[in-house]
Ligand SMILES: Cc1cc2nc3c(=O)[nH]c(=O)nc-3n(C[C@H](O)[C@H](O)[C@H](O)COP(=O)(O)OP(=O)(O)OC[C@H]3O[C@@H](n4cnc5c(N)ncnc54)[C@H](O)[C@@H]3O)c2cc1C
């Protein structure tokens with residue numbers, strides 16, 4: 001351990017005796033990786049190369065603030081760590097950093113007049129939602145990693161859940177934030193619904209993956225638990241027909257909570273399971289809200305689906321999706337397989353090129369993979385996102401699996417950019433996708449991001465290398 005890190009940890013223990021400090025090798029190994037597919041391969045390849053020096057577990061904003069000030073004084077690199085479910089290498093301690101685990105920040109306060117609730121950044125999505133449900137409310141955020149991702153991590157990556165067409169993405173859900181800056185100063189963004197006092201500072205920290213500071217509290221918008229929830233399925237001749245139906249109802253301001261369209265290949269097991277038309281595609285729609293609102297939304301969704309050849313298939317397949325929505329077993333099994341690799345690449349594009357992005361990404365990945373599954377599950381007024389889930393098996397060892405992963409990632413992202421898509425819709429960039437960011441933001445965009453970084457963290461100590469900064 002370097003002398004400055006040793007002195008920093010000593011100062012933390014002297015000044016903040018309540019803060020838990022973990023230093024044993026097995027503890028450091030647990031914090032050395034998240035869920036980035038290459039990290040699975042590194043674990044399988046032998047002794048792990050990049051361990052953090054230690055893990056600190058503060059229990060309050062004051063403690064986070066003091067730790068950050070000390071880290072600047074001793075020039076020690078810090079990486080914030082939430083639920084560890086990030087899949088883009090956003091917390092790799094390759095510069096011998098100290099991890100700052102924020103999971104002990106768990107306060108909860110609800111304001112029913114404003115329809116907001118403040119959660120500590122360490123509350124998991126599931127904990128936060130359960131507390132809201134006890135009061136008869138919801139925030140509508142159900143990512144697949146609901147049980148492990150925490151509020152701070154979801155802010156840092158701009159996460160999204162399956163009910164996004166109604167409730168939006170983290171960037172739409174947050175009302176205000178408390179953030180500890182790299183120098184230890186505490187910033188509270190305004191709680192008013194709108195303001196005209198300069199740029200919206202929440203947006204600077206949403207998606208910043210820790211590089212500009214540590215999120216310690218999150219004020220979320222909340223809603224009464226829905227009076228009615230209903231799921232159903234449709235089939236279409238082609239992916240393009242399903243996309244057109246969705247575009248039409250969303251642009252007419254009809255927002256069912258869940259919209260999931262599977263392409264021809266990903267639809268196959270579902271069509272076989274239910275005995276639906278071979279070669280056609282499968283759409284799940286989920287509605288929730290006031291009873292009459294749900295009924296009206298259903299009426300309009302049926303109208304636009306029928307205009308594009310959609311055939312209603314009843315509620316059962318929709319409810320089956322709902323009950324199995326947290327399962328990602330196939331992908332994780334493939335990552336753990338010798339010589340295998342898998343990932344879900346999620347990109348967004350405007351409506352006028354989303355079908356090209358989907359088609360070309362699928363075409364480019366197929367020769368390198370055993371299977372490619374594609375679906376569209378987050379849709380907006382001006383465009384949509386597509387998940388391209390690849391499973392590859394090289395037949396070789398875990399170095400071959402890692403190499404294939406890098407080839408697939410590179411191919412997927414470059415193809416998305418070429419046809420009008422972006423680098424990432426909601427998983428973030430971490431270190432995995434950092435090199436592609438200049439292709440999306442341009443030189444001037446990266447210059448702005450770097451200058452903000454230099455001003456807030458002149459020594460470059462907080463999550464160095466993430467977002468390419
Ligand atoms: C099985 C599985 C399913 C998933 N499903 C979804 C999904 O449906 N939707 C979705 O959006 N994502 C999904 N993800 C990705 C992941 O869950 C999200 O990116 C999530 O938001 C990460 O939250 P976390 O608390 O685990 O953060 P971590 O993995 O701990 O951290 C992620 C990044 O944020 C930084 N960070 C963490 N906490 C803070 C903080 N308090 N302040 C500042 N920076 C911080 C970290 O340094 C890191 O760069 C899935 C992942 C897995 C493994």
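Backbone N, Cα and C atoms are what each Cβ position is placed from, and that goes for glycine too.
Bear in mind that TrEMBL entries carry predicted annotations, made automatically and left uncurated.
For 48-225, the entry in TrEMBL reads domain 'FAD-binding PCMH-type'. Marked as FAD binding site by TrEMBL: 209, 210, 211, 212, 213, 214, 215. The annotation site 'Important for enzyme activity' is assigned in TrEMBL to 260. Annotation source TrEMBL lists active site, proton donor/acceptor at 387.
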In the chain carrying residue 213 (FAD binding site), residues 6 or more apart in sequence that have Cβ under 8 angstroms from it: 68, 179, 180, 181, 182, 187, 205, 456, 462
Largest tally of Cβ atoms lying within 10 Å of a Cβ, found at which of the binding-site residues 211, 215: 215
Candidates near ligand 1 among the binding-site residues 209, 211, 214, 215, judged by a Cβ under 6 angstroms: 209, 214, 215
Mean of the pLDDT scores, which run from 0 to 100, over the domain 'FAD-binding PCMH-type' (48-225): 97
Cα-Cα distance linking residue 260 (site 'Important for enzyme activity') and residue 210 (FAD binding site), given in Å to the nearest integer: 31
Distance from residue 215 (FAD binding site) back to the residue listed as 'active site, proton donor/acceptor', taken between C-alpha atoms, in Å: 28
Surrounding CB atoms that lie within 10 Å of the CB of residue 210 (FAD binding site), all protein chains: 27
All-chain count of other Cβ atoms within 10 Å of the residue listed as 'active site, proton donor/acceptor': 20
Local Cβ density at residue 212 (FAD binding site) - other Cβ atoms counted within 10 Å: 24
Inter-residue Cα distance where the pair is residue 260 (site 'Important for enzyme activity') and residue 214 (FAD binding site), in Å: 33
